[in-house]
Amino acid sequence: MNVTGNAVRQGLSRGGTELRQVLSNGQDLGSNLVWLIGLLAPIYFLRDNMLAGTDVSVAAFVLPSLLSMCIGFNGLLNLAQQLVVEREDGTLLRLKALPHGMVSYLIGKVLLVAGMVLVAWVAVLGTGALLVDGLHLGEAGRWLTLLWLLPLGLLAMLPLGAVFGSLIESPRSIGLIMLPVFALATISGIFHPIAGFPTWLQVVAQVFPLYWLGLAARSALLPESALAAEIGESWRHWETVAVLGGWAVLGMLAAPVVLRLMARRESGSTMAARRDRALSRRAA
Amino acid sequence: MTSTLTAPDPVRTAPAEPPPVVRVSGLRMSYGTQQVLRGIDFTITQGQIVALLGPNGAGKSTTIEILEGFRLRSAGEVSVLGVDPARGDEAWRARLGIVLQSWRDHGKWRVRELLSHFGSFYRPYATDGVTRPWDVDELLAAVGLTEQADKPIAALSGGQRRRLDIAVGIVGRPEVLFLDEPTVGFDPQARQEFHELLRTLADARMTILLTTHDLHEAEKLADQVLILAGGRIAARGTVAELAREFGGEAEVTWTSGGRAHSARTADVSAFVRQLIQDGAEVDDLRVHRAGLEEIYLSMVAGEEAKR
């Protein structure tokens, strides 16, 4: 039996099982979607406000941008958090003790996160179809853009999530990356077009992948008339692919090294020490 | 794997000592300036159960983690199944079983689900002689978790969780099994069953190394006991050998004419023979040889005093 094939198969089966566990548990599903509901609520109130200089509503602008937030949240924050938590609780060490266990672990996580993004996308697009006018949800060509955006966006974000998840030592420190990600979302044009921002801020936003994820999602769902609100009045697909691809390549170079260093440190006694710390925290 | 098979050379295949499954020589480990292991040597042959016994902080876990390939040693030679653990690949790892202490990982997985998932990792490593993985139902029965098979792991009791840890450790039918403090939190009944399970595994040629600070466990289970104190192996041997080697004189007590007597001697039979020959009226004769416990405690105390 092919060893690598088996590792991939076990990873997929692992991801499938974990996805089923999340989806069949109301509490888990809720905690994964609650932030999304918080972001979707304003859509309802903004459905009649028009975006200056265009004929689309603010709600129509924000909704596709939220699709990119789904990739950012799950790919970066959710993956990082899972790595930190599962390092503390010993999941990672267990997999490390199995032949090719770490590879399968990561494949499983990628599948789980991709599944969670899809679930979140269904929630966002469903809300859009029900509440927001002016979205082009019925055209097949538009869905094609979403189809390349999902894997490319995950490729750009997941390695970053893996790096942060390896570097953060305790689940309590996960907030350290939460705030910067929210700050980045604010300047990345998720809630408001950035064309009116100072140039230096626009440059900063365009260095990071979140802006481009949002731009691509808007290009998929908004009419051409919405271009008036974008930098250079263009969807800039090639630039999008270049920047996201660049992050993906950088991440894929860095993540395996960082992950390997992190995994190498794991042993029964480091686990036990972490468990004792966590238990004494709880007792204190 | 070599594809060409040559006819066995009758001279060379003459019965020889099988190579040891675990060989450690001059193993040293320091963290910063603190020396945890100061040069230890031992070998384990196939099918042996070896207990690494010592107080907390003696370096037991460090030793076992070096053998598992989870920790890099500072110096010395180590081989497990003929491979240096620092360079062990995944095929090597597939021949190892590691019993970890679980805490709350995989809480949502069901017992059977997790065992069959973990077992699947070993499927490519099955050989003509060894069926891998272990059949899940058989394994559940062997560790006494049949009734809990469909329970989520988070719902198991502490003892049941430890049984699951052991099942996870042996699901790939390893050639060598490492257990770090396996029976912490077991009640006497569970401990008894666990010891029987390990005996069965060893009878099936599995090589087992466990750490424990429980002397009675080592005494009951191990073919060979290594007492680790102060980063060195302070004593080794079977329990009987240790008692003979370190027990020194036995204490003989008896009553004679209503008075209690006691004497220490190295040769009990000669002493007693003499006693009877002398014509004394000997009642209530007892011989007390130092148990491993006393040896162990005095050894540990000696090491602590040296620090």
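Each Cβ is built from the backbone N, Cα and C atoms, and glycine gets one as well.
Per TrEMBL, the feature transmembrane segment maps to A:29-46 (among others). Long-range neighbours of the transmembrane segment (A:29-46) within the same chain, counting only residues 6 or more positions beyond its ends whose Cβ lies under 8 Å from a Cβ of the stretch, are 22-23, 57-59, 62-63, 66, 69-70, 73, 78, 116, 119-120, 123-124, 127-128, 131-132.
The domain 'ABC-2 type transporter transmembrane' feature in TrEMBL is assigned to A:55-252.
Annotated transmembrane segment per TrEMBL: A:58-77 (among others), in sequence order.
Look at TrEMBL and you will find A:110-132 (among others) tagged as transmembrane segment. Residues 11-12, 14-16, 18-19, 22-23, 29, 32-33, 36, 40, 43-44, 47, 57, 59-60, 63-64, 66-67, 70-71, 73-75, 78-79, 82, 146, 150, 154, 158, 161, 221 of the same chain lie 6+ residues outside the transmembrane segment (A:110-132) yet bring a C-beta within less than 8 angstroms of a C-beta in it.
Summarising the annotation, TrEMBL assigns transmembrane segment to A:144-168 (among others).
Feature annotation from TrEMBL assigns transmembrane segment to A:174-191 (among others).
Distant neighbours of the transmembrane segment (A:241-262): 87, 102, 106, 152-153, 155-160, 162-163, 166-167, 206, 209, 212-213, 216; these residues of the same chain sit at least 6 beyond its ends, with a Cβ under 8 Å from one of its Cβ atoms. If you look up TrEMBL, you'll see A:241-262 (among others) marked as transmembrane segment.
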